[in-house]
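Just below is one structure, and these are the notes that go with it.
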Amino acid sequence: MIKGDYKTLKRVLTLTLALAIVAGGYMFEANGAGEQPSKQAPSISEINIYTPKELNARQKDLVEIGRYTASGDQGALKSTIASAIERGTLTPQEVSIAIRQLYSAAGLKQMNAALATFDQLREERPEFGADYEKMVPKQTGLSALLGNGTNGAALTKQKTEEAKEGVQYNTFRMKKPKPQNRNRSRLGKLDRELVAAAALGTRVGKNNLFSASEKSLSELGLSKYQIENLESMIFE
Amino acid sequence: MRLRRKPWIDEAIHEYDSHIILSGHEEHKGKWRELFAHPERPLYMELGTGKGRFIAGMSEAYPDANFVGFEVQLGVIYYAAQKIFEGERDNAKVCLFDIAGIEEVVEPGEVDRFYINFCDPWPKAKHAKRRLTYHTFLDRYARLLKDGGEVHFKTDNEGLFMFSLEEFKECGWELKNVTYDLHSTDLPNVKTEYEEKFSKKGQPIFRLEAVKPKVQKEA
């Protein structure tokens, strides 16, 4: 008899506990308490002690390059590039990469015009160094045997031009830098997004496309102040 | 620059005692200018003088500045002292010392400009901290330089130059006159032995000027 009571009491207690857990959980959800921490959590930029208030010098130069490429202001583009290289904020290779990847954001025509301006600048200012992007890759395999095709044609053209001007082909100088060295001067994802956003903003204005680009920049780590700075630079 | 050991240099170097400091460097800490006839003039230091063509040329081109060159190898610094001595330069001296310990012999804020020419690029990534433009070295230079002091850096190694650009920028130095082919500019330049050799082969010379950051790290 006592044994049976104990079993019943145990069952009742277990059921009560289970009901309390279920009801408690339901009430917690009903109050919206489960969602509160994420809603009330401060943004990353507020937590960070150091939040950049504006774009740095390198980013500003990239924005200017994107802006002038899209607007087609070749004079301003030229002076911006020259100043960026002299101040070391961007290397010539980085400028070249930044312009080359603007074909969709700024348009092919504008990109080609900007590249032509940069080439002109390089001719005027030889201290900006050789354009490694344009260098002819070493021929290997079938193309080396046949001596024609894209690589072969480019090589022949280059040699002909040099022969005309009487310039000796300097293999030591024309050697491409090693990949581990080249990678140091590559544009990062944020830089590429930034220059594209600047070109896009200049070209299409403040519409949905530009907002999407801004969101992407924010995800890549740009603070809201920096995005405001970007907007003020483009839409000033 | 590593040369074969020449035992005769141990004796011969004393001919140029007036232009070379072989020991007792700590005594000159904070007093490097007093070694010269005109201590009021700016003090420029070359880190890694080699055979001294640069320091001899610079002391001649800029008589209104005092120059001190540091070099760790006796067999090399002999030629630097010889050049300065034979050029009768009273505004330049060379010092046999390893610049890894430069803070032991130079007082903070004592120097106006550092020159680093064609230093060892230490191409392996694991040796990056030995490069003279590694951020720990840059912090040391910043402490030893006056406000507005500069570092002038020249190299033929593109990898080292790109690395240095990043390091200078990350440490907050302001860059100017960055060139990727120095010899095609009209910037004033005194060629080093190494520069002469490699530019003849068509190798471009990279150069930058960096101004000390306004806010600097504590030691």
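The first residue you see is number 1, and the count goes up from there.
From the backbone N, Cα and C atoms, a Cβ is placed for every residue, glycine too.
The S-adenosyl-L-methionine binding site annotation in TrEMBL covers B:Glu46, B:Glu71, B:Asp98, B:Asp120. Here TrEMBL flags B:Lys124, B:Asp156, B:Thr192, B:Glu193, B:Tyr194, B:Glu195 as substrate binding site.
Reduced to three states, the DSSP call for B:Tyr194 (substrate binding site) is helix.
Of all the Cβ atoms in the protein chains shown, 28 others lie within 10 Å of the Cβ of B:Glu71 (S-adenosyl-L-methionine binding site). In this structure, B:Lys124 (substrate binding site) belongs to neither helix nor strand by DSSP; it is coil.
Around B:Glu46 (S-adenosyl-L-methionine binding site), the same-chain residues at least 6 positions away in sequence with a Cβ under 8 Å from its Cβ are B:Phe54, B:Ile55, B:Met58, B:Phe67, B:Val68, B:Gly69, B:Phe70, B:Phe114, B:Tyr115, B:Ile116, B:Asn117. Apart from B:Glu46, B:Glu71, B:Asp98, B:Asp120, the residues listed for S-adenosyl-L-methionine, the same chain places the Cβ atoms of B:Leu47, B:Gly48, B:Thr49, B:Gly50, B:Phe70, B:Val72, B:Ile99, B:Cys119 within 8 Å of the centroid of those Cβ atoms.
If you count neighbouring Cβ atoms within 10 Å for each of the binding-site residues B:Asp120, B:Glu193, the highest count belongs to B:Glu193.
Between the two most distant C-alpha atoms of the annotated S-adenosyl-L-methionine binders (B:Glu46, B:Glu71, B:Asp98, B:Asp120) there are 14 Å. Other Cβ atoms within 10 Å of the Cβ of B:Glu195 (substrate binding site), summed over all protein chains shown, number 23. By the criterion of other Cβ atoms within 10 Å of the residue's own Cβ, the least surrounded of the binding-site residues B:Asp98, B:Lys124, B:Asp156, B:Thr192, B:Tyr194 is B:Lys124.
The two recorded residues, B:Glu71 (S-adenosyl-L-methionine binding site) and B:Thr192 (substrate binding site), show a Cα separation of 14 Å. Here B:Asp156 (substrate binding site) is positioned 23 angstrom away from B:Asp98 (S-adenosyl-L-methionine binding site), judged by their C-alpha atoms. If you measure from the Cα atom of B:Asp120 (S-adenosyl-L-methionine binding site) to that of B:Asp156 (substrate binding site), you get 10 Å. In the three-state DSSP reading, B:Glu46 (S-adenosyl-L-methionine binding site) counts as strand.
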